[in-house]
Structure formats: structure tokens, C-alpha cells
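Working notes for the structure below.
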Ligand SMILES: Nc1ncnc2c1ncn2[C@@H]1O[C@H](COP(=O)(O)OP(=O)(O)OP(=O)(O)O)[C@@H](O)[C@H]1O
Ligand SMILES: Nc1ncnc2c1ncn2[C@@H]1O[C@H](COP(=O)(O)OP(=O)(O)OP(=O)(O)O)[C@@H](O)[C@H]1O
Ligand SMILES: [Mg+2]
Ligand SMILES: [Mg+2]
């Protein structure tokens, strides 16, 4: 048997009849109307880009058309026939498959099983046919050029390989509609190129593709059509050929957004942080750099280069095996985040949901969590002071919420990020580390984050910004460290700071392999 | 998210009074009052100061442990070894009493042994990163096992006469020493959980231990302290119980761990961690005490009483959910 | 190869062999084949319950009601047999399994439909099921002479030299192993426990899967209920009291992660055998009975420490140098 | 059942029979507290811990309630009198005699007890050890505890047979233990080699007598025991009698109870059951 991916031919359908059409879809969550009568059409052999700000409802519609959510109202038609999906399996049976924004994989299962769970090939008595499953897994992996053994337990794989498994999983269904929800967010340069090739191939096989991304360059590169959502409503669709970037942005945010990075007067003060010879047995080695007041230090690298690990070591999460940290010239030992905070180093993590805000606690309690010693009296809480402190910083960040005692879990992702930043500013730190501060943030909010970073630096805070986006790194940083495979590959400044040098050092091009 | 005008954020959406009105504690209080009234109607012996005072012994010792356990469960851990700690503490005190120790020393030994057991659990959980439910299933056998090794089929009964005060003494009229201690512990734990930085970090850890750690909270240290507190309270309960029984056997307090957990859960503490309150646990203690005492007065066999407790445990969570489902 | 040598199952097998050797050095008769059969037979009820518990724990739940379920199913069988000795044993057996499954399904439904945490549900049903035994039996015992010979005879009848009780243990292990490794439901147990959020995305209904886990656990408890009552020829309220924690301990020793989604049936079998051997060896080697409890407690703690150590994520390795060192250390 | 018979005979007596959730001392105390609260006239308790109940029972006595213990006793200061089903030396002697009678040549016997804390078990075993010298050639090789759990008792009995392959008899002075031990002997195929004896109820032991695993065992009549306890409690509560050493207190159809210096007394001699009489009793108790 051929790998399922090529076993059906959808080409005969005419390109202007939608293979999948959603209309009038409404979906509410407690307190939020995530989708309000939206429509979406996908055509065979074409890539439709779905764009919108954070929280516009993109992932929600993906979950609706893959059977994970059931819409409150509206209609889904597959090839003209109305359908209802009670579960993800129903949608898969109708030929709809998705690479979701969240990883939907299982660490304890093997690669082959991760690809096939939910629709494993069955043998006698309805038992799973392991041999067949492995064989098919191997075929699919070969198709996407992933050199993975189907029997490896997933927990042994790196993040990029896991992503390949997620892609393989989407392809294991003989799908006429393939949905990709921000598929390139975790991939490196090379893997992104490969993904584009895959998209082209799927297109040529006559499949309809829904592609969600915040990156305009890639949308313009691969999409044929677009659909824009704003605040859960449909604001426009059409052919990519008819629009330019500014049009799309206007539709997305309802106004013009200049994408120019804030102008900054670069006047670094004295040195606040110096890292010497930081090393860890498996994660990084020989890390050294310094940082001055009012400076923004960019840290660039491909995903998996170990940037977060270094920053988390500075913050006391991972314990380095060697090396020293000097703060204001004095050597400090940092064994825990509590030590780091006490020494004026704070960290805004990449993984907001898990490491950032304490979901389920009110906003003000989140904000005061690291500075309780300020607002309390001999270890006893003083609510009035807590509210005052929380108000001061949340209002400064223009937090959008109903009240300070609202649960953080009810806020949108961007506002959760603001709570985390407010929490740290309240401790009046010397050094703030922002790990991918604009990852998955829409372009409207992005500009706000950039402006804010510039403001902090202007107030004399030292900022470290870990980022994988070259424009952001170039636009914001005074100086950039490039990391590769746990080592510092280069430190760039001034004229040496160009997209080419960044990519070259990050990927190790033109260097002898050690 | 896109317009840039700053806005004023109110502190609270609802006034604290409005919140209280919708709270679990109020519901539970209603239940307690209903049971109280039902008991008074069902049995002529119920409304009697001495009888009510006797009834408090049904729950005071368990409730003292339940306060510490509530904090532990809110922080996302559990300690199933509390009853075994009682056995070991009681054995240690018995051995000391047999060797001629006086009451003050006995109390010190009791508290010290409790703390040591708590520290042992705490180290295993926080240092070795083991799941607390498994660790304490293990130490539950271990602690009681040690007391079996020490005592075998014997018993300690040579406690000094003053030692009887803790479990049998009265502070004034019908108010027993144990009941006063229970009240003091309730107050202390209320303040600790709801009014201090420590309590706030307990909630933060229970909600999301990683985020709490990333906010600069020393998660391991807080959890360790909670195991210590639970050990300490088991020690306190062991002192009261031993004093009340006047003797020690290794089988003392068997099965209490599940009753304590039941009390905590009934008090509205989420077994998944992150939420709960001490007033809830206090009321739950009264509810359990009143139910067992009331049914006892009607001479309902204990095993049938436990059906009531089991049903109550499930229905306090199930009924509100069913109600919500039924309404829409 | 290295993975095989350091796997939990290998380590546990080693521990079991060591235990047997130690026992044999003080009491050689212990490892006589006939006695090993007896030990296995004696461990079978624990094994059967542990298999059910494994399935439940895999889905990130826990079932504290298994012992009460066993006792209630057993009591119903015994009372039925006493009242109507004519009912064929096969029918009683089927009824026990069915009754157990219904009790398990009640747990499962509460977890699934009302989303009540499993530990709360089963803590509650544990006392309720026990209480019901008292209500139906009025606290009285059902004794050997009230049971029919066929009823009490089945578990000890021998097939190919092995008592039927042991065969039930083996058959349950095989069946659960097949189910867990070869059926979609079995794999769903791992998925639901390993990453419940992701399971939804693959079309697996988390609640329904947990419901089936509880039902299976209940059915096995029902089976064990009949076997227990028939074997000891007596039924009363307190039978198998406190057994639920021993069952959980067997799973944990066998390497089933309490956090769900990880562990093997072989592990459970070994875990149950380990506890069974300790329980059977202590009376024959001259260890004071008072030591027994402390020893099994220590065994649980040691086992879980070792399991957690070996299961601790090896962590991915960024440094090329460290990666190279790692691959040299472990030639594939 | 016996208590109710006594109540009927005495007329103005109401019997409350109740028990705790589990067999712990703490549970029994809760029950005693609720009985105190109901202002009962008398409490007759079969304790599962000699000492732990004392403070609670003392409190009961302070409030004017008559307290007696029966079967499994309470320490002297916790009750007015204790009713032994039979005299302890008699039982101790009886259980070893039952074993020895089947072993004219002597042999090895082992004891399977209930929990390590059961008062009565421990006393009987003690009394048995005292008279051991009277039985030539009988050697007690070990004492194990089945905790009154069927499965543990079974396992311990199996262990005994393995540890002592020459074992001739198991003495189990507990009704759970004796049944489990008989089962274990049957399953080990040692019927005829190992004789199980001790204290058990005819209804529970009928099967074992039939299979031959047990040749004989002894017990008193539990109905009589309940009857006597109720009668005694009535006598004391109505001040018709006083529990002082040496006193003789009537117990209706069971005669009178003579108290010793510990205010203990024995109801009657245990009765021996074997294949010849078991069928007549197995449906009674
Ligand atoms: N399970 C849920 N419960 C409650 N609210 C939800 C849930 N899922 C999504 N929402 C809310 O619905 C809205 C739409 O979210 P959705 O995830 O679809 O946004 P998105 O367009 O995918 O954003 P992003 O670009 O950040 O991925 C948001 O306000 C979000 O907070
Ligand atoms: N094998 C893996 N399994 C699970 N998570 C992984 C794995 N590898 C990497 N990750 C996660 O993916 C993210 C990126 O990896 P890492 O932190 O090593 O790279 P980085 O260079 O710091 O990149 P960035 O900060 O840009 O994501 C981190 O959140 C990390 O925890
Ligand atoms: Mg999204
Ligand atoms: Mg990272």
C-alpha cells in the first residue's frame, strides 16, 4: 500500500468551488465571544492565509473545523455537503487534518504511534497492526525527509524533530484539507524552507491548505488567498495578488501601523552585569559578556541554540557548573530565582502559560508576588498596599482588564505578558531579561512592546532581549550576541550588525566545524 | 488592545461581602446549621452542653491535622502518613514515659518526633523530587512499622497523671483543653494561610509551581515547611490522643489519614491544589463531628455513618455541578 | 542494550531474584517449584487488582475503591451462593465481574460526567461500597458450610498443575497486556495520561477513556472479589480492608508513574510479585512479624526513588562536545 | 441475641447494640461517648484495647453509668466487673488439650493468634504456656499473628506449615484465624497431618470438621454470653448487686457469676465440638 498521502487525487475538482466552507460560525467561551458569525472558504490546490491579531479567533476556528470545538451556531460544508464533527476523529475521516499551534504529542509513545494515534491501522480482531503502522510511519517520514526511527520514544527527540513528527502526523491522514496553525514558529531557517516545499507539494496534489502566521514575508511567499479576522469577526477575504502588506495590516488592526522601530538615544551608562566563563555540563560553555545601564543587548540564535538555558542560569533556574556573575562589580552567587530577584535580575520567560503568570490567581496577587516584602509588614499581608503597587504598574503598562482582582487566566495572551512585566518592574530591577517577548504577538501589540523596551532602557534599566526575529534584533539592539550550539559564536556591534552576519554566525556558515 | 488611552482599573469587581455570599463556606455553614437543627429534632440528648462538649472530641484532633493538611493540599501535595506519625510519636512518648520522663519532656519529644517525621517526608519530596502521594504511602507503612517494631504486642501506659490534661482536661466548665487548642490552631492557620506572605506563596505554588518558582518563590523550601507543619500538627494531635487514651499501642489512630483528607476536601479545598480556605475546613470539621455524633445518638452503626460521610464527600462537589448542568 | 539493562523491569527482576535468593539462603524450601506456584497463586488477587489499578493510574487517575469493590462483589456472590446453591458457578463469576464493572463505571461516570477528582470520588465510593456490604449482610458472615463445594472449589481446582486462581491471574495479565499494547483503547490510556490536552486534539475523549479505565478496574475487582471469597471460604464486611494502598504500592513499585501515561504491564506484574514474595517470605524466614510493615514501607520508598531516578528525563544536549561524549559512552 | 432474651426476661430493659466504623479504640470511644450522651443505665463493652477505653469508661462511671466488660476485657479501673466467657486458665488449658489429645506421641504445635493487641488472645496464650508442662512431648514452636484478617491468617498458617514441615497442629484461639488455618491446611493437602484446633464457631467451622482439617475445637455459647452480660449489667444498674471481689451475682438461667480479686468472673466452661455434634449446632451459632 502506498502512503496514504498520495492515494487519492483531488485535482479534478474545479479550483473555484470551495472544498471546505464555514459560514456564520459563532463560538463563545465564558466571558468571551471568540467567533462571531465568521465565514471561511478553502479551495483545492490553493493556500489560504488566515491572519489576525492575537486573540482574533484564528486558533478557535481551526479547532472548530477539526472537531475539537463544536460551534454554537453556523454551518460547516465539506464539498458542498453540510457536516457535523463530534470529535477530531470525525474531522479526520472527512479528510481534514491540522498541525495545531500547541504541541499535541505524547512523550511516552513512539514516533510511529504519535503519528497514528487515533487512527492506527488495525489488524485481526481490531487489534493495532504495529508492523503496518511502523511501515507507514517510515514512508511518511521519508516523504518529509525526516530521518527519524519510528520506534524512538518521543521524549528522546529534540524540539525540531518533534515538530517534524507533528507534521508527519498531519500527513498521515489522507487529507483534502491541511491546516497549519503557526507552523514555523518553532522551526529554524532550513526547516522552514523545507516546510515551504512541502506546502507546494501538497498544493500540487490538489489539497486545500489553511496557513496561519503572523509573519508577512511568508504569507506573501506561499499564500494564494487571504482571510482576515478581527476580534472574532470576519473582515475580509480575497486574492493575495490584490493586496499589499499595508492593506492587510489595516484590515487586521483597523488602522495604520508603522513598523518602524522606536528611535533611541544610545547612551549606555556604567556596567551593571558581567558574566564570566559560565558553563554547564550539557547545555552551554564559555559564556561571557557584559551589560551596561540603559543598554539593550540582543541575543540571537536558531531555536535550540541554548539561549534560554543561559538566561535561566542567570536567573537561578538551572545551576551552572562553572563561572561567575558580577553585579555592579561585586561577585554574586545566584542559586535560585529568589537570589536573582534579590540581586536585581529578573526574567520574563518565553513560555507564558507555564512559567509566566500564575493562572488562577488575581492580577494584583500576580504583580505583587515577587515584591511581597515591600507591601507586607513583618510577613503579614497588607491588601491596600498591594492594590496600590499593582495599580501603579499595570496602569503604566496599559493593562486591559475589568478589575485588579480578576483572574489572570481570563486575560488575553498579550495582557498576561503585561502582567508578567508589571510583576518584574514592581521589584525595581537592574537587569531585565526578555525571552522572545514578541513571540506569537500580533503586530499591533508588538510595536507597543518595542516602544516599552526602549522606554525602560531610557530609564537606565539594562535589557537583555532574546529573539529569533532578525528585524527585531537589528531594530532594537545596541549590541548582539549570537549563540550556536551552546556557545557564543560572535558578539556584533555597529556596522558588523547585518542580517547576513547574524545568519552566518548563527548557522555556522563559512566556518570550520570544530 | 489597540487604542492607547490609559484606563483606571478598579480594585475589585465585586465587594468582599458579595463574594462571601456566594462562597462555599457559607453553603457549608448552612449545611452545618441544618445538621445541627436536624440533630436537635432527632434526639432529645443532643442539646446538652456536656454532650456537645463530648462530641467535639470526635473531630478536634483530626481537625488540627486537617489545618496543616489543608495547606499542604493547597500547595499541591498530600501527606497520607499523618496517622502513622501519630503512632510513632505516641510510641516515642510512651517509651520516654516508661523511662520516667516528665510531662514537659514528653511534649517536647512528641513535637520533636512529629517534626522529624515531617522532615523525612519533606526531604524525600523536595530533595529527591518524588511524588508525595507515593512517598507518604511508603512512610505510612514505615512509621507505623517502626512503632510495631518498638512496641510489638505490648503497650505503654505509664504516663504521668498531669499528662492526662491534654486530652481529658477542661479549661473551664464544659470547654475542653482540646477544643481550646483546636480554636487556637484554627485562628493561627487562618492567619498563616490568608494573612501572610507565606500563605500567599502556598496558593501560588498550588496554582502553578513553575510560575511560582519563576516569580522568585523558594518552592522547595515552602513545601518542606508544609511537611514540617503537618508533622508538627500530627505530633500535637498525637499528644492529645495519647493523653485522652492514656495508653499507646501501635494501632493507634489507624485509618485517620483518609478521614483527615475527607475533612479537608469537604472543607472546599481543591484536591488539585491552588484553592481552599481554613474557615471551610473548620466548618467541615464541625459538619463531620455533628454528623457522626448525631447518628451515634440514633445508634446508627459506624459503618453506616461512613456511608453518609462518603455520600456527603461526593455530593458536595457533585450537586452544584449537577445543578449547573441541569440549569443549562 | 544499555537501555534494556537499566530499565525498570530489569532492575525489578534483579531485585526479585535477590529477594528469592535471600529467602532461600535462610529457608531453601521457599524456592521449591511447588512453593513458588503457591506464592504466585497467593499473589494473584493482588496482581489482578494491580492490573486494573495500572490502567486507571495510566490515565492519571487513582482508584481507592478497589478493595471495597472486591469486598462487596465477594459478599454478593457469597450471599447468592448461600441463598441459591443451585446457581452455576460460571454464572456467579460472570455476575461478580459485571457487578464490579458497574461499581467501577459509577466511579468512572462521576469522574467523566461531573469532573470530580478521582481521588475524591473513590475515597467516597470506598466508604459507600463498604457500608453497603454492612447493609446487605447486616454485619453477618457468610461461612464455608453455607457455600457450595463448587463455589469454593473453583479457585483451587488445578489445571496443568496450576490452581485456577493462578490461571485467572495469568489470564488477566495477558488480557490487560494485549489490551494495553494492541488496542486503540489501550493506547488511549497512555495518551490521556501522558498529555490529556493533546489527547483531545487527536480525537480521544479523555473522560470517556478514564471511564473505561475505571470500569475495567472495577470488573477486575469484581473478579477478584469472587476469587477471594471462594478461596478463603468466608465473606464479611472487612475483607481486604486497606488492600487498596497495597495495590497502589504494587503499581508504583512496578514503575507505573503516578503522574500518568508511563509504565508497562510487565512492570505491574513484577511489582505485584515483589510485594507478594515479601509477604510470603516474611512468615517463613525468621523475621519478627512486627518488622513486616516497616519493611514493605521501606521497599516502596526505595523502589519509587530508583524509578524516579531512572525515569528522570535525560534532558536534551545542546553542546556538541557533551553529545559526543554521550554517544561514545553508550554504543548503540 | 442473648441480650435480647435477657431483656425480655427482665421486662423493663431496652438493649442498644451498636459498633464503630472500624475496629479501633478511637471508634469505640466515639460510640461510648454517644451512649453516655443518651444517659443509658449500663454499658457492656467487649473492648479491642484493654487500656485505651479506660478514660472514656471512667467518665461514664463518673456520670453514674454501670460499666461492665465482657469477652475481651478492659483494665480494672475502667469497669465494675469483667465477664469472661470462661475462665482464662480453663481456656488456656482447653486449647492445648484439644491439640494434645490428638497427639499421644507428642509433637509440634504452633499458635495462630489474632492481632498483637487482642487482650484475651494474649491471656489465653499465656495461660496455655503455663500448663504446657502437663503435656508431655508437646512443643510450641511459634506464635504468629493473622490480625483477624482472613488472608493474612491464611498466609501465616501456610508459612507455619512450611517453616515447620513436621508441624502437627495449629492452635488458633480466634474465630477468623481458625477458619483460615483450616482452609490453608486443606489447600496445602495436609489434612490428617496438621490438625487445626482452637476457638471457633460451629457455624463457621462445620466445613473444616467435615473435611477433617479440624478434628475438634471449643467455644462457649455466644448467645449465653450476651444473655449473661445483659443480666449482669441489669443487676448492677438496678443496684440489686454490687461488684466487689468475692461477690456472687445472679445471671438468670446461667446461674451466678463469682468475682475474683480483679472483679472478674467466668461464665461457663467452653464446650467442645467435633464431628459427632457439629451438625446439631452449626445452624444455631
Ligand atoms: N478554551 C478557551 N476558554 C476561554 N477562552 C478561550 C479559549 N480558547 C480561546 N479563548 C479566547 O478566545 C479568543 C480567541 O482565541 P484564539 O486562540 O482563537 O486566538 P488566535 O487568533 O489563535 O490568537 P494567536 O494569534 O495568539 O494564536 C481569545 O480571546 C481567547 O482568550
Ligand atoms: N527536546 C525538547 N523537548 C521539549 N522541549 C524542548 C526540547 N528542546 C527544546 N525545547 C524547548 O524549546 C524551546 C527552545 O529551545 P532552547 O531554549 O534550547 O532554544 P533557544 O535557543 O533558547 O531558543 P528560543 O529561546 O528562541 O526558543 C525551549 O522552551 C525549550 O525548553
Ligand atoms: Mg492561535
Ligand atoms: Mg528557549
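Here, residue 1 is simply the first one shown, and the rest follow in order.
Positions of Cβ are set from backbone N, Cα and C atoms, glycine also.
Residues or ranges marked as transmembrane segment by TrEMBL: C:36-59 (among others). Among residues of the same chain six or more beyond the transmembrane segment (C:36-59), those with a C-beta under 8 A of the stretch's C-beta atoms are 30, 66-67, 70, 104, 118, 161-163, 165-166, 168-169, 172-173, 176, 180, 189-190, 192-193, 209-210, 213-214, 216-221, 223-224, 227-228, 231, 243, 246-248, 250-251, 254, 256-258, 260-263, 265, 268-269, 271-273, 275-277, 279-280.
Here TrEMBL flags C:90-112 (among others) as transmembrane segment.
If you look up TrEMBL, you'll see C:119-137 (among others) marked as transmembrane segment. Beyond its flanks by at least six residues, the transmembrane segment (C:119-137) meets 62-65, 67-69, 71-72, 75-76, 79, 103, 106-107, 110-111, 235-237, 244 of its own chain at Cβ-Cβ distances under 8 Å.
Beyond its flanks by at least six residues, the transmembrane segment (C:157-180) meets 37, 40-41, 43-45, 47-48, 51-52, 54-55, 58, 186-187, 189-190, 216, 220, 223, 227, 231, 265-266, 269 of its own chain at Cβ-Cβ distances under 8 Å. Here TrEMBL flags C:157-180 (among others) as transmembrane segment.
Taken from TrEMBL, the feature transmembrane segment covers C:210-229 (among others).
The transmembrane segment annotation in TrEMBL covers C:250-278 (among others).
Proximity of distant same-chain residues to the transmembrane segment (C:290-308), defined by a Cβ-Cβ separation under 8 Å and at least 6 residues beyond the stretch ends, is recorded for 8, 11-12, 15, 249, 252-253, 255, 257, 271, 274-275, 278-279, 282. Taken from TrEMBL, the feature transmembrane segment covers C:290-308 (among others).
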Q. Same chain, outside the transmembrane segment (C:210-229) by at least 6, Cβ under 8 Å from its Cβ: which residues?
A. 44-45, 48-49, 51-53, 55-56, 58-61, 63, 65-67, 69-78, 92-93, 96-105, 107-109, 111-112, 118, 142, 155, 165, 168, 172, 176, 179, 185, 189, 192, 235, 239-240
